[in-house]
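Summarising the annotation, TrEMBL assigns active site, acyl-thioester intermediate to 88. Per TrEMBL, active site, proton acceptor is recorded for 359, 389. The domain 'Thiolase N-terminal' annotation in TrEMBL covers 4-267. As annotated by TrEMBL, domain 'Thiolase C-terminal' applies to 276-401.
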């Protein structure tokens with residue numbers, strides 16, 4: 001079967017909810033990283049066979065966001081594009097789908113990634129408004145994101161379950177304390193702040209121009225991390241989802257805006273073009289589990305990719321495991337034998353995770369893979385795993401291997 005490689009990867013800096021990117025349509029964010037990924041691979045738009053992008057909160061502003069973004073990016077009208085929605089795993093699913101397109105002989109070079117503007121998530125009316133109309137009285141307007149986190153699994157089968165409650169379920173199952181969650185969150189913040197200060201994200205980020213009525217700025221630094229975070233401040237926060245719970249706004253990920261994309265191509269085509277790949281895709285997997293503990297999805301997904309590759313956890317140099325919640329991430333680490341204090345923990349989210357950097361749903365999968373690849377290269381590592389939990393009870397993972405340049 002044809003091997004697939006990643007020849008370039010780029011992302012925007014991650015914007016805070018209602019922050020610097022709040023006025024930017026998701027398709028505009030996506031088009032910027034599509035352009036940059038093509039540029040970094042020294043390709044022309046006509047080289048691209050197809051575009052696949054993840055997007056978890058779609059709207060009429062850009063139906064089939066991948067197609068709208070690819071046209072904005074200057075790709076040929078004859079180049080097809082489609083959008084995937086696997087919730088938090090959408091960006092990584094897009095890359096898996098690109099790999100499958102290559103391995104089934106349908107394409108040789110694709111753009112894949114994801115984008116999200118949670119600041120621009122739509123509000124909508126109840127569906128019956130269309131066929132019943134409005135009568136006397138008030139009518140509810142629903143937040144697409146808030147409603148979505150309740151409906152990732154059928155409410156009639158899983159009543160009272162939302163993403164925050166699933167995190168509470170995970171910490172209850174594993175006896176994870178509030179202090180452990182807050183300490184994990186603080187560590188994530190400190191790692192992210194240190195990485196930004198050291199310029200470790202600079203290479204992966206494409207500067208993005210934001211124009212408003214008041215000013216024009218170049219947005220190129222992740223703005224969600226909290227440099228002044230402290231355990232005392234985190235300890236003062238009230239539970240966000242359950243009266244006697246331990247999950248708070250401080251030890252959970254944010255609502256964010258951003259985009260990321262990679263170029264995926266066959267290894268044969270890569271050699272033919274004389275390109276140096278950043279990484280080879282070794283294995284990928286998607287698994288399912290009880291939606292009530294959806295945060296543990298990365299456990300089975302990571303175990304599956306390791307089994308496919310004939311590797312052990314100890315063989316992996318770096319892990320990027322999405323931090324939807326500190327407690328959720330800790331549950332995953334406990335089951336994989338990488339809990340804080342263990343030697344393997346030092347390989348996990350070395351530059352911080354979503355608790356600090358943010359979680360722009362459709363982009364997160366391709367964002368963490370991008371960060372993983374650049375950090376592997378920086379450290380001279382060989383194997384890396386990117387993995388995310390997925391609302392509704394799924395896990396997704398991808399195992400990549402760095403490829404030495406010719407002569408190295």
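Positions of Cβ are set from backbone N, Cα and C atoms, glycine also.
What TrEMBL annotates, mapped onto the structure for a quick look.
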residue : record                                   : Cβ neighbours (10 Å)
88      : active site, acyl-thioester intermediate : 33
359     : active site, proton acceptor             : 27
389     : active site, proton acceptor             : 34
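Cα separation, residue 359 (active site, proton acceptor) to residue 389 (active site, proton acceptor), rounded: 12 Å.
Comparing the residue listed as 'active site, acyl-thioester intermediate' with residue 389 (active site, proton acceptor), their Cα atoms are 7 Å apart once rounded. If you take every residue in the domain 'Thiolase C-terminal' (276-401) and average the pLDDT, you get 99.
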